[in-house]
Amino acid sequence: MSEVEKTYCGFIAIVGRPNVGKSTLLNELLGQKISITSRKPQTTRHRIMGIHTEGPYQAIYVDTPGLHIEEKRAINRLMNRAASSSLGDVELVIFVVEGTHWTADDEMVVNKLRSLQCPVLLAINKVDNVTDKTKLLPHMQFLSQQMNFLDVVPISAEKGMNVDTIASIVRKHMPEAEHHFPEDYITDRSQRFMASEIIREKLMRFLGEELPYSVTVEIEQFVPNERGGYNIHGLILVEREGQKKMVIGNKGSKIKVIGTEARQDMERMFEAKVHLELWVKVKSGWADDERALRSLGYTDDLK
């Protein structure tokens with residue numbers, strides 16, 4: 001009888017300030033998209049686990065909301081708590097920074113990381129966007145002095161550059177353990193949650209600078225239909241009447257584009273036909289009300 005093959009499994013937190021490319025890195029590490037991305041900061045509002053199983057190795061990545069100093073609204077406070085609490089009980093932290101930029105928010109993150117017992121890997125993202133390459137090496141030396149990093153790796157998550165190096169380091173730091181999830185799992189989140197995230201991503205991509213932080217999505221219906229697909233009803237909540245008009249657009253043009261793009265992404269993710277209907281409703285003050293936020297699925301606890 002052959003010896004049982006050893007398996008390795010571990011949790012890896014991906015942290016950093018808003019808009020440094022954490023979700024793009026997660027998607028690249030997984031080889032497919034599960035965490036929404038946009039060029040706007042704070043696209044990620046929830047912690048999302050991405051699961052990558054390859055042979056005996058299962059890496060469970062935790063993509064976190066961006067840590068930031070500003071906590072003016074209840075939603076910002078919850079997002080900060082969600083990101084901070086992800087740092088407990090992980091085997092490794094990947095700290096993502098952006099090119100040659102270093103901000104007060106980066107400083108705040110590194111201050112939190114210094115007290116951790118687990119190793120911290122520094123990923124310098126978007127190095128392909130650094131126009132003056134002579135600044136890169138001195139900046140890497142500056143970053144190396146901030147704390148005792150396990151390693152410092154320059155990457156481009158968007159282009160996949162050196163992401164395999166990150167994955168290799170992750171595998172080396174995984175403890176011997178049974179896998180937590182079946183090998184075909186790519187996330188711990190439900191299809192209903194992923195549907196709401198896909199709609200929110202399209203809202204952020206197609207609407208103006210201000211609106212996305214006053215908008216959230218609630219899935220009111222997610223049911224299989226007789227054709228082997230899904231009927232999905234999404235409720236888009238905004239804070240003001242003017243925002244509702246912005247989401248709907250002239251003669252419904254904007255919400256039609258958002259709905260079409262979201263449906264196509266859902267069909268790719270769920271590998272089934274989707275019938276999607278969207279509504280827009282005004283619910284003033286939702287982003288300042290912790291009780292309302294929790295009812296909409298915003299929480300600082302892992303689900």
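In case you wondered, yes, glycine gets a Cβ from its N, Cα and C as well.
Some features that Swiss-Prot has for this protein:
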{"type": "BINDING", "residues": "16-23, 63-67, 125-128", "note": "GTP binding site"}
{"type": "DOMAIN", "residues": "8-176", "note": "domain 'Era-type G'"}
{"type": "DOMAIN", "residues": "207-284", "note": "domain 'KH type-2'"}
{"type": "REGION", "residues": "16-23", "note": "region 'G1'"}
{"type": "REGION", "residues": "42-46", "note": "region 'G2'"}
{"type": "REGION", "residues": "63-66", "note": "region 'G3'"}
{"type": "REGION", "residues": "125-128", "note": "region 'G4'"}
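If you look at the region 'G4' (125-128), the same-chain residues 6 or more away from its ends with a CB under 8 A from one of its CBs are 20-21, 24-25, 96-99, 136, 154-159, 161. In the structure shown, the C-beta of Lys22 has more C-beta neighbours within 10 angstroms than that of any other entry among the binding-site residues Gly16, Asn19, Lys22, Thr64, Val127. Sorting the region 'G1' (16-23) by DSSP state (H, G, I as helix; E, B as strand; all else coil) yields 2 helix, 0 strand, 6 coil. When secondary structure is read from DSSP and collapsed to three states, Thr64 (GTP binding site) falls in the coil class. Helix, strand and coil counts from DSSP across the region 'G4' (125-128) read 2 helix, 1 strand, 1 coil. Residues belonging to the region 'G3' (63-66) score a mean pLDDT of 67 in the model.
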